[in-house]
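*Asks:* Here's a structure for you.
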């Protein structure tokens, strides 16, 4: 007899059975029967412990067939568990997808997907759902067919609603991964007669997400007009019309509790009923004539009664299970796969579909597919972008490139980028191509935007490093004696090629960034450096040759202008031409090593020539500013020195007028030479003009005569035939300079005239004739007295000697040369010391031996002769003896000629 669990606990019942009979547990899917033991599997594929399985409430409900004698009895181990939690087994797990109130369990679904690793499946998965009247054995069928663990109705407690909302589980042991949804039964008394909204919503949801829809129906309803499956079919067909572009779904009608009527006879009737229902359902205008086969693949299977023919039922279920293996392969049981959503987006897709259905909106599956692809691909892209930013290799590379160039930068960065994009491609490969490609492009753009600063830094380091190396190599080449143009060309080509290699090493293949701007910047920097070095070198060369020209021209030009004469400017011109040609030739040879056009080279050479000419002109202008000093020096030289360059002594015989005219003419010559620059072959009349206006007496008289008005050739600011640029001293300035010159030299002439007159007076000892006549007339008596008394003559002679000695010692003629008053003052200060000195010398000579006199007289005569004295030997001897100084030096009076 059947054992019921209503009166006693399941463990007590099994214990009672085990004591009287050895229990046998029947395992599904053709497994052999035998004594139950630890390690055996139940209908859901989990390991069984005969007692623990029933006692463990976490295990799924398991059907047992217990054989007692010749009878078999069925009982169900049924336990309640929380409907919002995920039930797991060794090979399957389940979760409530949508509860009875229509709320989507997104948290539970996410955990479920992670548990079954659905995101790894891509498109290789299938979704099966089941519809049917309440208490028609849907959950039981799924548990036997897919080894799931859906809760089943306890027949011993009565017929009532068991499944609320929509449950989902993973099939155990079926490839590919297959998800099964157990929908709440239709026509249930719990929801009432009028509450069909959830039925339609769940039916539409199943059609939208499922590849295969199982419709569970009773065999005895086939052929009935008011059968329980007709409202279900109408619901399916009606909601199908709300799908804008429904994919072709497989509808598998599962006929339960098949009778003896063959399936071949039942199937046509069922298909006819289905067609009638299809024809009666209102359809959009576009699908008025569309056959059912355009939307559904209809399959019909029949199963025996589970309660009456359990073995046959299980065998048929096992055979049906085989059809679900490789269901998505070509020719498989699954329908059209065009609208399938990749596994990683299944949760989001299902949630959005249910949201649209709950809002009672039409469901556009293609647009939904695009929407799911958009959201999921964007999520994947964001994940990959975040992973890239946190990538250790990228962080190290980014940090390294901030401080300097990184070898293999492009290769390392490309590797990281490709790894990130490959991860995106792997996860998003099954989503819509257009969306996937667009999001991939966006991800590329974000990644490239992220790495672009690092790439720019790399290029910046390459550019700066290459530029520095170029500068060093270029300087080294120039110091080594290599030609400037050759060194610049070789170094530029070498280091531009080096930069290109660095750019090739740093290239980011995905970006296709153009490095030409950085390359052009480097080339401009190199060209600018070459230009600056060339300018410095050219400036150095030019300065060098200018310095040589300045040294070669400044001194000689000054000397030539100082000795101004008719040959001064021709000599300066020859000097300028010679030195300029030498400098231009040297600079031209030096410029041959520079890569420059002929025009620039000619300009530099011309500039050097102009510089040389400018040196001469500047020196001439400088000397012209000192012309007055030069004129006075020349006048002083010619006026104060004779032809032998000896200082001139004005004795009264010189022609001061002629000497003055000659000196002034020479000074005027210097003025005429300095008046203008004469480096060209032009002829001027400056000298004649100055001579006629300043030296010629007649012209001077005419100029000074204010009663006669005449033309003044110097009353002008320019010279005839001389450009203003070549004028150094204007005519007006010449006139002013000449006036100043004459005023400043007039004193020298006056002094010369005074010195000459004084010399004449000093050298004229004879009295005037009238004085001589007076002396003869008046001094006749004295003369006769001297004749009568010769002693007076001796006294006079001694007096003469004394006066002569004083004359020599006091140098009276020399003292009076500078004037009478200065002479008197000087003589008055020296007179008494000189007299005392003479007396002392006479006393010393009087005491010396007589033998010394001859020698003294002889030496004195010799010394007097050497001094050119015109007096007699005796007089010279006495004079020299008297005037010998203390230090042995001699003082002699000059001759009259001196």
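Cβ atoms are placed via backbone N, Cα and C, with glycine included.
Sharing the features that TrEMBL gives for it:
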type: TOPO_DOM; residues: 1-766; note: topological domain 'Cytoplasmic'
type: DOMAIN; residues: 122-337; note: domain 'GB1/RHD3-type G'
type: BINDING; residues: 132, 133, 134, 135, 136, 137, 138, 139; note: GTP binding site
type: TOPO_DOM; residues: 812-898; note: topological domain 'Cytoplasmic'
type: COMPBIAS; residues: 847-867; note: compositional bias 'Polar residues'
type: REGION; residues: 847-898; note: region 'Disordered'
type: COMPBIAS; residues: 868-883; note: compositional bias 'Low complexity'
*Asks:* Write out, in the order they occur in the sequence, the residues of the chain not among 132, 133, 134, 135, 136, 137, 138, 139 that have a C-beta within 8 Å of the mean position of the C-beta atoms of the recorded GTP site.
*Replies:* 185, 216
*Asks:* Would you please pick out, from the binding-site residues 132, 133, 137, the one with the fewest other Cβ atoms within 10 Å of its Cβ?
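*Replies:* Selected from the binding-site residues 132, 133, 137 on minimum Cβ neighbours within 10 Å: 133.
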*Asks:* Taking 134, 139 as the binding-site residues to compare, which has the smallest set of other Cβ atoms within 10 Å?
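*Replies:* Sparsest of the binding-site residues 134, 139 by Cβ contacts within 10 Å: 134.
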*Asks:* At 10 angstroms around each C-beta, which of the binding-site residues 135, 136 has the fewest other C-beta atoms nearby?
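*Replies:* 135, out of the binding-site residues 135, 136, has the fewest neighbouring Cβ atoms within 10 Å.
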*Asks:* Limited to the topological domain 'Cytoplasmic' (1-766), I'd like the whole-number average of pLDDT.
*Replies:* 78
*Asks:* Note down the number of other Cβ atoms within 10 Å of the Cβ of residue 138 (GTP binding site), including every protein chain shown.
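*Replies:* Here the count is 28.
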